[in-house]
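Straight from TrEMBL, the features:
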- E124, D235: divalent metal cation 1 binding site (BINDING)
- H164, H187: divalent metal cation 2 binding site (BINDING)
Amino acid sequence: MVASSPQQYLQTVDYAMTNTLFKGECSKVTVQKCMSILQDLEDVIKRTREAGVKTLISVTEEPSEFERVIQLFKSYPDLVAPCFGIHPVQGCGSHDQRSVKIQDLEPALPLFQKYRDDIVAVGEIGLDFTPWYAPTSQEREEQLTVFTKQLQISKDLDLPVNIHSRSAAKVTIATLKEQGITCALLHNFAGKPSVAMEGVQAGYFFSFPPAVCRNDQKAKLIKQIPLEHICLETDSPALGPEKHVRNEPKNISLVCEYIAHVKGITPQMVIHATTDNALRLFPKIKRLE
C-alpha cells in the first residue's frame, strides 16, 4: 500500500460520505453541499481512485449512520474502511446542534459489537468545549462521560481511536493518557504546539486537512510535530482548500505538498512516512492492500 509515485497517496482519515449532515466545520458547509456528495458518489469514488488514494476511513457521528457506513464499506470493500463513534456535538449541519448526551451513545453499543470484525477504529469521538455547544460544566462532564465510555470500547475491541478536539486540547490528551490509550489520531488538531508535543510524547498521531493550505496558521504546529507522528486527511466534504466549496478525497495531494513545503522535504518523503504511520495506527487496513 505504500505509495510508489508522487501521484499516489494514502488517505488515512475521511469522513462518512453516507452522511446527510456532517460534523466539524459542517456549519460552514451547507446541507445541500453535503447531500451533493451522495448524488455523484460514483464520480467522487472514481476521482478518488484516479488520485491514487488507497484507503478511505469513513467515520460516523451518530448511531443512525453506523449501518450507512457499513453499506458504503460493502459497496467498496477494497477502498472504504468503516469506523464507528459518537461525536461530542450532535445534530451537526442542522440548526439544533447540541452537546452529546449519554442517551445518544446507548443505541450504538450493540452495533459496536455486531460489527466489531469490520470496523478499523473507534471514532469520531472526543471533546468539544466550544462555548455555544457546551456552555455549562454539566454538559462538559457529560461529554467526558461519553468520551471515556467509548475509549473503553476501543480498549475492549483492541482498536485505535480517531479524535475530535476543539477548545479542549489539553483535557483531551490528558484524558487519553489517563485512560491508557496508546493508539490515537487527533484529527485537524487546533491546540498549541506545546500541547501537541504532550501527545507526541504519548505516541499519538496528528492529521491535517487541505484547509491548512488556505493560510499558514498551522505551519508552526506542522513544523514542530515530527513527520513520524503525522497523517493525511481531507475531512470531506468540509475543510477543503477553498472555503465554502465541497471537499473531496482527491484533494489529499494538497495536504501532502503543503506539509512537504513547511518541513522543507519532498512530497515523496511525506507520502512514505504518512503511509507507514497510517499502517501502524490502523493495522486492520492492511487487509485492503
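Residue 1 is the first one shown; counting continues down the chain.
Backbone N, Cα and C define each Cβ position, glycine as well.
Annotated features taken from TrEMBL, shown on the structure.
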| residue | record | DSSP class |
| --- | --- | --- |
| E124 | divalent metal cation 1 binding site | strand |
| H164 | divalent metal cation 2 binding site | strand |
| H187 | divalent metal cation 2 binding site | strand |
| D235 | divalent metal cation 1 binding site | coil |
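Between the CA atoms of E124 (divalent metal cation 1 binding site) and H164 (divalent metal cation 2 binding site) there is a gap of 6 Å, rounded to the nearest whole number. In the structure as shown, the Cβ atom of D235 (divalent metal cation 1 binding site) sits within 10 Å of 27 other Cβ atoms.
For H187 (divalent metal cation 2 binding site) paired with D235 (divalent metal cation 1 binding site), the C-alpha to C-alpha distance reads 9 Å.
On the backbone, the CA of D235 (divalent metal cation 1 binding site) and the CA of H164 (divalent metal cation 2 binding site) stand 11 Å apart. Of all Cβ atoms in the protein chains displayed, 25 besides its own lie within 10 Å of the Cβ of H164 (divalent metal cation 2 binding site).
The Cβ of H187 (divalent metal cation 2 binding site) has 25 neighbouring Cβ atoms from other residues within 10 Å, across all protein chains displayed. The Cβ neighbour count for E124 (divalent metal cation 1 binding site), using a 10 Å radius and every protein chain shown, is 28.
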